Number of protein chains: 2
Amino acid sequence: MMSAARTTAEPLKIGLLGAGNVGSQVARTLVEERELISSRVGAPIKLIGVAVRDVEAPRDWKIPGELLTTDAEALVDESDLIIELMGGLEPAGALVERALRAGTAVVTGNKALLAVQGGALSQAATESGALLRFEAAVGGAIPILRPIQESLSGDRITKVMGIVNGTTNYILDQMDSTGAAFYDALAEAQRLGYAEADPTADVEGHDAAAKAAILGALAFHAPFTIDDVYCEGITAVTSADIEAAAASGYVIKLLAIVEKNDDGAILRVHPTLLPRTHPLASVRGAFNAVFVVAENAGELMFYGQGAGGLPTSSAIMGDVVSVARRLHGGPDRPGAAGTDGDAQRVRGLPVDDARTQYYIDMVVADREGVIAEVARVLADHHVSIESMRQPGSVSIDGEVDTEAARERGAVVQIVTHLAKEKDLSDTVATLRALDVVRAVNSVLRVEVEQ
Amino acid sequence: MMSAARTTAEPLKIGLLGAGNVGSQVARTLVEERELISSRVGAPIKLIGVAVRDVEAPRDWKIPGELLTTDAEALVDESDLIIELMGGLEPAGALVERALRAGTAVVTGNKALLAVQGGALSQAATESGALLRFEAAVGGAIPILRPIQESLSGDRITKVMGIVNGTTNYILDQMDSTGAAFYDALAEAQRLGYAEADPTADVEGHDAAAKAAILGALAFHAPFTIDDVYCEGITAVTSADIEAAAASGYVIKLLAIVEKNDDGAILRVHPTLLPRTHPLASVRGAFNAVFVVAENAGELMFYGQGAGGLPTSSAIMGDVVSVARRLHGGPDRPGAAGTDGDAQRVRGLPVDDARTQYYIDMVVADREGVIAEVARVLADHHVSIESMRQPGSVSIDGEVDTEAARERGAVVQIVTHLAKEKDLSDTVATLRALDVVRAVNSVLRVEVEQ
């Protein structure tokens, strides 16, 4: 039950329904990171139980036995906050409704349930004053529903277009990049765990349609359900289509599109040709992205991992912390002044402590042994070389051995591996002082993929 | 003053400080869209005054004269919610502090103030229980601070990298795409209004450094200020650097980077080489984007317009609605079931009412007049052709006039202009029935830029 007059000594009781891929990851975070989460909330939290169908079933993470229960209703009744990760319509729907009607906060990632009963559940929450959050239901780890509901609450959204199903995006991307046929790409997705044994919900567009219903409901403040969504899957998309699209500068993506005109809103899911210059066109593999157009904000895009236990658990835990803060009546958000909970206050370090890569462009004397000398300077400072390049026609070892070339010197461009900024700046200082180095033209830092 | 016991009859009093580019747009929204905003809040709101230095100064939007005042302190004292858009340290800082100490909610977009006094202002807000929001301070219209503070509150952020200054991104993008020298690209940016007459704050990286301080403070829950940020601008970046980077597959961007290691956090702003495949590499012109890495969520990216009166006003108004909802103690967020405030409940329309473009791939008889016949069918259904293409060697009008070619038929690919879905589907049905159309291989919808 929600309680405004909670004392800080009494922990907030959290009940978890379901312990599959995402559920067991959430359980792990609540148990192993209890102090961090309590600190982020500003008050203690406690996982009091995990409702499962079978106490003995194997799980991704071993949940302490005393937490497991098969009595989901009792767990709902004892909790201040319910996290529903069972999926499917029932018994999830009845349990969520039971919690909301009692004024108990609910965090869920159940898109199928929301796409059918979202309006009724919102209504139940409003009537009892219960909090209901479901960021994980669309776009996995990507914060998309909160921006639509809050950040854009003073604007008018006119259109949302999303790549909201990683399975189909992976398949279409494979078809596009390797020329694979649909069924071969599907088989590969299944082999890699991106597609389920029965891929119907993904490839026929039903999963995307559920998300379109949720996006439409939030963007346009209307109780849309999956029945309002026109839906076409990707099973009819051929290699020839992909090839023809590519020849004309397009890529084919399965999009969930919701848009409003003067008469109402249209919700649709179908394979769509996008120009390769469109921000959604470069969303590869199993990633998700949602493109939002609002009257004042213009075009926005949100990109990230749309599925998987860890990423989805991040969205669930964000909702849990946000709801728990509200239930505790504590500060609304963490201020800039605070600690990270799991550590002493984070202190600022000088840039010398950064680990980065350097790009160094310099002119060296054009004679044998110079490169060895330069390389030794880097090695002496514990800096290793990722790549070395000598543009133009003058080769590093002076193969084009003219007087003019030697006079000009040779340009050498080095990209280092990751090293301490201090070592890199010392390296550059030493290089500048070398006789054989005529000039260091540019020193720039490099960031590559994580 | 904040009041939990507000009655719904009494409007929430909003005071606006500053009426420049963003301020006058916000004033306009609060006046012209008062009903929409009140409906989004769930209770009436009212703009009670706009504090300016000079009542007679010209503004982007003509604010009703009775709202203008030069007594900012009195306005702060009378308001329930203050929107601070004066910019700069003083008098903005003293006014914001005055409001927060009195428990009055503050929404601001003042990055310079936050980068210096953010910690102290957060502290003042926490002490009095006042709400403080500043989504517009980083990334303009892009919701980035709310996701960091709320959506990722149950995760650990390890790194944030952002293109957070549109002026420098425009300049570097121009240098990259046209080969322009720095000062030429700067002059062009000034001509287009992307850079100010005195561009120092942008090109020396100071604006990005202020934003780095804010990002670091929120990501790592520590009171960082602009003094904690290492800062290098873009004035030393040459065309030769850009060209050399391009030759090695890199693009140069001015990035604000905040990252954490076991010892602390490093905040830095400098020109950076990024591989062209990096999601930030394709952020063009005056757009902003912020890349976030968190332990569980993985990589996320947020993209949109980082400046300008309208986009920034969207972020300000999102904060205003969100704060006003809290002050009124009304429902926490709008449920899925509601109306859009400015209209009747939005109704769902059938897909036939959508306006979209079609890509049609078909095989037609390879003889003269066929294309004319196809084109007539489209015209009869009010569908116009954006492009028509005939791949392969068989030309549309049969220039390669062999018996075999005629037998095979000719492939024709058409992309239509925007039209009603119903007209497009009727067009395809009619084409299928034509004698000269041997097969319609594919019909796919097309989405182009907005």
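Any Cβ shown, glycine's included, is placed from N, Cα and C.
Bear in mind that TrEMBL entries carry predicted annotations, made automatically and left uncurated.
Now, the feature entries from TrEMBL:
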BINDING   A:Leu17, A:Gly18, A:Ala19, A:Gly20, A:Asn21, A:Val22, A:Gly23, A:Ser24  NADP(+) binding site
BINDING   A:Lys111  NADPH binding site
BINDING   A:Glu196  L-homoserine binding site
ACT_SITE  A:Lys211  active site, proton donor
DOMAIN    A:359-445  domain 'ACT'
Distance check against A:Lys211 (active site, proton donor) for the binding-site residues A:Gly18, A:Asn21, A:Ser24, A:Lys111, keeping those with Cα within 10 Å: A:Lys111
Cβ-based isolation winner (fewest other Cβ atoms within 10 Å) among the binding-site residues A:Gly18, A:Gly23: A:Gly18
A:Glu196 (L-homoserine binding site) and A:Gly18 (NADP(+) binding site), distance between Cα atoms, whole Å: 19
Residue pair A:Val22 (NADP(+) binding site), A:Lys111 (NADPH binding site) - Cα distance, angstrom, rounded: 14
Local confidence of the prediction over the domain 'ACT' (A:359-445), expressed as mean pLDDT: 86
Residues near A:Asn21 (NADP(+) binding site) in space but at least six apart in sequence (CB under 8 A): A:Asp60, A:Gly308, A:Gly309, A:Thr312
Other same-chain residues whose Cβ falls within 8 Å of the Cβ centroid of A:Leu17, A:Gly18, A:Ala19, A:Gly20, A:Asn21, A:Val22, A:Gly23, A:Ser24, the recorded NADP(+) site, in sequence order: A:Leu16, A:Gln25, A:Val26, A:Ala27, A:Arg59, A:Leu85, A:Met86
Other C-beta atoms that fall within 10 angstroms of the C-beta of A:Lys111 (NADPH binding site): 23
Residue, out of the binding-site residues A:Val22, A:Glu196, whose Cβ gathers the largest set of other Cβ atoms within 10 Å: A:Val22
The domain 'ACT' (A:359-445) - residue tally per DSSP class, helix then strand then coil: 30 helix, 29 strand, 28 coil
DSSP-derived structure type at A:Lys211 (active site, proton donor), helix or strand or else coil: helix
Distance from the residue listed as 'NADPH binding site' back to A:Gly20 (NADP(+) binding site), taken between C-alpha atoms, in Å: 16
Integer Cα-Cα distance in angstrom, A:Ser24 (NADP(+) binding site) to A:Glu196 (L-homoserine binding site): 19
Whole-number Å value for how far the residue listed as 'NADPH binding site' lies from A:Ala19 (NADP(+) binding site) (Cα to Cα): 17
Cα separation, A:Lys111 (NADPH binding site) to A:Glu196 (L-homoserine binding site) (Å, whole number): 17
DSSP state at A:Ser24 (NADP(+) binding site), helix/strand/coil: helix
Cβ-based isolation winner (fewest other Cβ atoms within 10 Å) among the recorded positions A:Ala19, A:Gly20, A:Lys211: A:Gly20
